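S.K.: I have a structure here, written as structure tokens, and I will follow up with some questions on it.
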Amino acid sequence: MRLYNTLTRKKEVFVPIEQGKVRMYACGPTVYNYFHIGNGRTFIVFDALRKYLVYRGYDVTFVQNFTDIDDKIIKKAQEEAVSAKEISERFIVEYFKDAATLGVDQADIHPKVTENVPEIIAFIQELLEKNVAYEVNGDVYYDVSRFEDYGKLSKQNLEELQSGARIEVNEAKRNSLDFVLWKTAKPGEPSWESPWGSGRPGWHIECSAMAKKYLGETIDIHGGGGDLVFPHHENEIAQSEACTGKTFANYWIHVGYLNIDNKKMSKSLDNFFTPREIAEEYDLESLRFFMLSAHYRTPVNFSRELLESAKSGLERLYNAKNHLEHILENTKVEEMKETEKEWIDSLTHYSEEFNRVMDDDFNTADGIAVIFDLVRDMNTYITGEASKEAVKAAYGMLVELTGVLGLLRKEEESLDKEIGRLIEARQQARIEKNFTKSDEIRDYLKEKGIVLEDTSQGVKWRKE
């Protein structure tokens, strides 16, 4: 597998630090509002990358943080006359709801800044001891002139950055590019005690400290949206490598912008849509399909026309799946023909081709193209005369490859809800001593391959 490394600006063979294991960190949201679908693209990409790595046999530990204390959170809390904690906790819950609608699974660890302040303080102390940071009136700054490799991720040298800097004048700083590690407390704002007085962490230090705590001094993959290359990820490298003396991350992955009218979608430009707004008109699996239909590094212009096209493409895949399910349910052909055995053997070509294109810098667009090639082949070959084994093989390959991308999961979710609804109806019928209806529901589910088990903990179900 090769991945494009932002640090080297080239594709590199992926070799994890520990064979068979991957440690991956992606910068998560600042939780002061609902995230927009530009953020959603990044969440979808890292979710799909994680799924693919697991599919390829890696044991993945994925960490995605929540920035739950920040100027924007404090401002929102003041506007609503509530605590910053109330705002952040509310939007963490909403994040999980919206992420789930996009098919994004929870990370293995979702650390919060406010729960890791002691580790952040200890990290800052190490930087002070190494003389790469300095304290001024309760604020602590990182001295970028003390880190020789500053600018290596964004491919800019210090002189260029300083001459082009549009940074507000701060006489307390030694250099215009120096950035804050610890902010002294302001009246009415959340704060923590530290060796430099009461205050709170700066943005960049949070991820360095949490990545080190949960994944170690060097991690395999780090990334996020393309807008984080500079200054956020550049500053993370400076902090972490100055602190440990080791490479911070071996592979840096950045997701291209989602644009509206060729301008980056952002809250500051007020040109964004949230998943909730898109969900008023579209199934959000179509949005996931849309995001994965382009290479993750390519900037994508969002439009309803393109989303309609994605919706149609996804419907083709669902139609193929439903067609196979229908044949499987109705076919009486048990014995395989010799030609079917050969065709089943040929299906491995699709998984091999899927792996080949996906291994080339996680090319989900080409991966989806392979899936459509499979569907065309299936539609030609699988008819009502096909044997059960041939249909099962085709179905298994389709579900396997789409599952890697987190697609075609709707039936599973709908099935869970439908079974739950029928179990409740059966329970109500039993309470009302309507045993005829109760038995009818049980028999109906049995016909669908669902077996109910009455246990002391309630009714449980399983597929036959």
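The backbone N, Cα and C atoms fix where each Cβ goes, and this holds for glycine too.
Quick caveat, the model's predicted, so the values are computed rather than measured.
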S.K.: Labelled motif ''HIGH' region' by Swiss-Prot, one stretch among 29-39, 73-83, 84-94, 128-138. Can you tell me which?
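M.R.: Result: 29-39 is the stretch Swiss-Prot calls motif ''HIGH' region'.
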S.K.: Of the residue ranges 174-178, 264-268, 309-313, 319-323, which one carries the motif ''KMSKS' region' annotation in Swiss-Prot?
M.R.: 264-268
S.K.: List the residues of the same chain that sit at least 6 positions away from LYS267 (ATP binding site) in sequence and have their Cβ under 8 Å from its Cβ, in sequence order, or write 'none'.
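M.R.: LYS267 (ATP binding site) has long-range Cβ partners ASN33, HIS36.
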S.K.: When you measure from the Cβ of HIS232 (Zn(2+) binding site), which residues in the chain that are at least 6 apart have a Cβ under 8 Å away?
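M.R.: Long-range Cβ contacts: CYS27, TRP203, HIS204, CYS207, GLY224.
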S.K.: Counting only other Cβ atoms and using a 10 Å cut-off, which of the binding-site residues CYS27, CYS207 scores lowest?
M.R.: CYS27
